[in-house]
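Annotated domain 'Ammonium transporter AmtB-like' per TrEMBL: B:18-413, in sequence order. Per TrEMBL, transmembrane segment is recorded for B:20-39, B:51-73, B:102-125, B:137-157, B:177-196, B:208-225, B:237-258, B:265-282, B:288-311, B:323-345, B:365-386.
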Amino acid sequence: MKLVTAVIKPHKWEDVREALEAFGVTGMTVSEVSGYGRQKGHTEVYRGAEYDIALVPKIRIEIVVDDADAADIVGIITKTAHTGRIGDGKVWVSPVESVVRVRTGDTDAAAL
Amino acid sequence: MLDPLLVAAPPSAAGDTAWLLAAAALVLLMAPGLAFFYGGMVRSKSVLNMMMMVFGALAVVMVVWVVVGYSLAFGDDIGGGLLGDPAQFFGFKGMLEADPEASYPITLFAAFQGLFAVITVGLIAGAIADRTRFGTWLLFAGLWTVLVYAPVAHWIFGGGWMAGKLGALDFAGGTAVEINSGAAGLAAALVLGRRVGFGRDPMKPHNLTLVMVGAGLLWFGWFGFNAGSALAADNTAAIVFVNTLLAGCTGLLAWLGVERYRDGHATSFGAASGVVAGLVAITPSCGAVTPIGAMLVGVAAGAICALAVGLKYTFKYDDSLDVVGVHLVGGLVGTVVIGLLASSSVTAVDGLFYGGGTHLLGKQLVAAGVTLVFSFTMTALLVWVLEKTVGFRVDPEHEVAGVDLVIHAETAYDLHVATSGGRPHFGHG
């Protein structure tokens, strides 16, 4: 099993969700996060005083999937969240040792 | 030919009283308006304290005003134009009988004027936001009303030297309210010192929608402030009403123009600030200028104040919410431009631009300068004494934690359910 983690632009979240549901992903964890990459943040101006805001709002998606689906899911997210402009985000995959469904006690593939 | 602006309606005691009642209520509305305006500008950890400083000033100043403030400002002159007799109207003594010859009750006038003192003190709070002990602030509000506001109000509104001997014009409070609060704010900010992290930590406004709501309420209330100062439901009130409307509009446009040119963006905060800057400057001049003059006053104030709010970064004083940049500078602009733009079609004299020479300009400069120096000196002294005796500024540790939590045991927003909960219990046992 793999954990696919994606950090994407907030306005792309609905498109990504629809694409993942169409693929058959049944659940995911989504959080509003902030961070920055190479482009850093943005500048805000209050009564002429400039504030460099380092952190940009992003959506973070976490999905635990079968090994076989991981590459497809990364592909879907990469394609759907793409705008071509700076700050589109990142997707990464990490190994997952075990999963337990809290309600039933099912483990691993049966728990997904 | 008679100027159409001078065609007046017949006087009406009932009409005047009704208008002054409404105007006083409008000025009262400026207090919550100011609380919202300032509340939105501070960080979320001190919004309640900011609002409490304004509401607290309302309560304290009004009580002090009825006890002795009004008498000091509007009692018979006892010092060659310097102060009113404190005993004459002590506790509104002798004011409750109706005067058949007056077009409004004197108690109503006194309450209306008391609300001016409230707003003036409330404005000072903006200069020392985020770092002030609430109890000492209340003490300061009462003492400042007696020691600083009442004398200046006497000079210009109460038959004192500034209006009487000097002959300076101030329709609704460029000296007593705007320059007075601005100079006091500067003094208080300098004596108390900069906030922890000033110039290093982000201190941007936490809620600009609140700032916009506050600016809107202030603008609405300002009609009571200025047009109510005509003290009659008459032609002057109408001219002042129009001037107040126009100066707010051009103040907004001018501030946005400066921002667009300088920063590349016209901001909501700039719009709200520009309205207030225009209103500040038209306060003294609304009864002296034509509508075209009022628009020029708004443009001058909007542009100059937009530039002046940057002074605190140049000179490194921490006037938290720009009381100096908006009220001191705006008040100076409004007071001085009377000497340029006063028109005899509206008031008794012409300013420089209308062929009246520099005479009036000189008087306006003296009035503005004396108010500035008196208010700054007295306030610096008062704040210094309070800081050395009862303590005015909170501990740095408490300042960082936030004055809402430390002083009021409250926080304004409950946005994180998991971390803001806690089991309720009653009593302190």
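Residue positions begin at 1 at the first shown residue.
Yeah, the Cβs are placed from backbone N, Cα and C, and that goes for glycine too.
Given the structure is predicted, the values throughout are model-derived calculations rather than measurements.
Below 8 A, the CB atoms of the transmembrane segment (B:137-157) and the transmembrane segment (B:265-282) form no more than two pairs separated by six or more positions in the chain, fewer than 3 in all. Sequence-distant neighbours of the transmembrane segment (B:265-282) (same chain, 6+ residues past either end, Cβ-Cβ under 8 Å): 37, 174, 178, 205, 208, 211-212, 214-215, 218-219, 222, 226, 243-244, 246-256, 258-259, 289, 294, 297-298, 300-302, 304-306, 309, 322, 326-327, 330-331, 333-334, 337.
Confidence across the domain 'Ammonium transporter AmtB-like' (B:18-413), taken as the mean pLDDT and rounded to a whole number, stands at 96. Between the transmembrane segment (B:365-386) and the transmembrane segment (B:51-73) there are fewer than 3 Cβ pairs closer than 8 Å, counting only residues 6 or more apart in sequence, so the two stretches are not in contact. Here the transmembrane segment (B:177-196) sits against the transmembrane segment (B:323-345); at least 3 CB pairs are under 8 Å, leaving out pairs fewer than 6 apart in sequence. Within its own chain, the transmembrane segment (B:20-39) is flanked in space by residues 47-48, 50-51, 54-55, 57-58, 104, 108-109, 111-112, 115-116, 118-119, 122-123, 125-126, 129, 207, 210-211, 213-218, 220-225, 227-228, 231, 272, 276, 321, which lie at least six positions past its ends and keep a Cβ under 8 Å from the stretch. Counting same-chain residues at least six beyond the ends of the transmembrane segment (B:323-345), those with a Cβ under 8 angstroms from any Cβ of the stretch are 3, 5-6, 123-124, 126-127, 168-170, 174-175, 177-183, 185-186, 189, 273, 276-277, 280-285, 288-290, 293, 296-297, 300-301, 304-305, 308-312, 317, 351-354, 356, 358, 360-365, 367-368, 372.
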